[in-house]
């Protein structure tokens with residue numbers, strides 16, 4: 001049975017965004033057919049918000065899945081979906097922003113995005129092709145000129161809303177000092193072991209919506225770990241509630257007022273990740289989670 005996901009209003013334009021989205025980043029990268037069939041399964045399960053980025057290599061298969069979903073009648077119109085993509089650091093230059101969003105739209109076979117984010121507050125030289133990125137290829141972001149081009153993307157109707165990803169309060173403050181259109185969203189890593197308390201309060205005060213990526217800590221990637229799923233406190237709460245540890249973490253994020261990007265290409269886990277809406281954590285459980293040791297940010 002399809003689950004209906006509630007929506008939250010973002011940005012000054014009052015755009016409605018489903019509070020649970022499906023992420024399409026995977027490491028090592030999944031093949032196009034795997035991504036396409038996972039997106040179709042996700043639409044059947046009730047997902048309407050899909051998160052991609054140029055650097056994930058998932059824009060094209062996501063676009064193919066959307067075209068097929070329309071073709072077979074899973075959805076009646078593209079307007080039923082909320083699609084987020086991101087400006088990669090190699091294109092973080094005023095003159096490259098509009099060509100970059102147009103390239104993403106072409107990959108996705110779409111006329112517009114719902115949300116376009118600056119992926120990181122950095123600029124890379126155009127030839128970056130390896131990880132970790134060599135220091136000589138990393139430059140400071142000229143955020144004022146890049147943000148001006150992001151605003152132009154919205155004015156041109158290429159995206160309905162604009163925002164940022166992995167930006168600190170200090171960097172948001174900088175954008176807010178000159179932005180004609182303030183960021184609608186800051187998408188950051190947020191989970192019970194990295195609770196982002198200061199950023200959360202800052203964004204709330206400034207009317208910027210927080211979206212949580214890596215709510216389970218990105219297990220299975222070179223940058224993530226399994227600390228969330230191995231956390232004894234979360235495991236105990238999950239056992240007592242008859243839930244999975246992942247569901248406890250996702251529910252916690254949701255109760256912080258953030259939307260959440262989950263990522264699983266497994267049909268059963270996709271459904272489990274949506275089953276966090278009709279129950280809540282007790283005050284005692286929330287207190288236990290708020291006392292968890294927090295990840296140290298370098």
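Every residue, even glycine, has its Cβ placed from backbone N, Cα and C.
What TrEMBL annotates here:
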type     : residues : note
ACT_SITE : 56       : active site, proton donor
BINDING  : 119      : substrate binding site
DOMAIN   : 20-289   : domain 'NADP-dependent oxidoreductase'
SITE     : 86       : site 'Lowers pKa of active site Tyr'
Practice task
Kindly state the mean pLDDT of the domain 'NADP-dependent oxidoreductase' (20-289) in the predicted structure.
Solution key: 94
Handout entry: Listed in sequence order, residues with CB under 8 A of the residue listed as 'substrate binding site' and six or more positions away
Key = 53, 54, 55, 86, 87, 88, 89, 165, 166
Practice task
List the same-chain residues at least 6 positions away in sequence whose Cβ sits under 8 Å from the Cβ of the residue listed as 'active site, proton donor', in sequence order, or say none.
Solution key: 24, 25, 26, 29
Practice task
Mind giving me a neighbour count for residue 86 (site 'Lowers pKa of active site Tyr')? Other Cβ atoms within 10 Å of its Cβ, every protein chain shown.
Solution key: 28
